[in-house]
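**Student:** Annotation comment: TrEMBL describes 15-237 as domain 'UCH catalytic'. Taken from TrEMBL, the feature site 'Transition state stabilizer' covers Gln98. Taken from TrEMBL, the feature active site, nucleophile applies to Cys106. Here TrEMBL flags His177 as active site, proton donor. What TrEMBL lists as site 'Important for enzyme activity' is Asp192.
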Amino acid sequence: MAAPTSSASACSGERWPPLESSPEVFNQFMWSLGVPRGEAEFHDVYGLDADALAMVPQPVVAVVFCFPDPPEDPTAPPEQVSATEDKESLDEVYFIKQIDSLGNACGTIALLHAVGNACSEISLLENSGLDLFFKSTASMDPYERARVLEKDDDMARAHSLAASAGDTEIGDIVEEHYVCFTALNGTLYELDGMKGGPIKHGPSSPESLLQDAVNVIKAMIQRIPNSVNFNVMALSRKLK
């Protein structure tokens, strides 16, 4: 699968340029913000068949999917979104809304969703950028978290450095978007900051997260014909 850059349709602004969908970019970004190198690492998922999935280091704590942002289809059935008013879902899922002023921050939001919902699995460096961000926004709603991210200069600088580390020229950017998949309390969630809240996709577990997410990703790919700009990465916790 190709490694596209991301540019969600609602994204604009120089403060949050697009991120290239590659483990190298995401790892340097994540490690610079406070995830120790010995704790976790992003890996490419080279295919969606059983053999390719078996190559991905376990345990997987999150799956990040980058795909072409399709035009809205008014005839498509509404997705089953756990609305932001659903207190139960928002208590157990760390979710950030992607507001317009966050520009091309969809890659950063996917990373925050991945790490923020794996804090029980991944230890952060105390007082690091991620540690302070998650602690300061823990009790906030998705919109409040977005406004904190919007004003976080350290996060924006780390994002810009990560964006400049990619191999893709800015002129080559197409309309792409990032979402994150995570398994929490026995449920598979799709976390997309452009949506109203976490989307439930049925039962899942840490052991089956990768396969469960891939099943949903395959269905998403089928809805976007005539494109090869898809990329899947897995965030794996390193075994001590």
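Quick reminder: no glycine exception, Cβ is built from N, Cα and C everywhere.
Because TrEMBL annotations are produced automatically, they should be read as predictions rather than curated entries.
I would like each feature placed in context: is it buried or exposed, what are its neighbours, and how far apart are things?
**Tutor:** Counting Cβ atoms from all protein chains shown, Gln98 (site 'Transition state stabilizer') has 26 others lying within 10 Å of its own Cβ.
There are 26 other Cβ atoms within 10 Å of the Cβ belonging to Asp192 (site 'Important for enzyme activity').
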**Student:** Out of Cys106, His177, which has the highest number of nearby Cβ atoms, where nearby means within 10 Å of its Cβ, if these are the active-site residues?
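**Tutor:** Its Cβ has the most other Cβ atoms within 10 Å: Cys106.
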**Student:** For His177 (active site, proton donor) and Cys106 (active site, nucleophile), determine the Cα separation and express it in whole Å.
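**Tutor:** Answer for this pair: 6 Å between alpha carbons.
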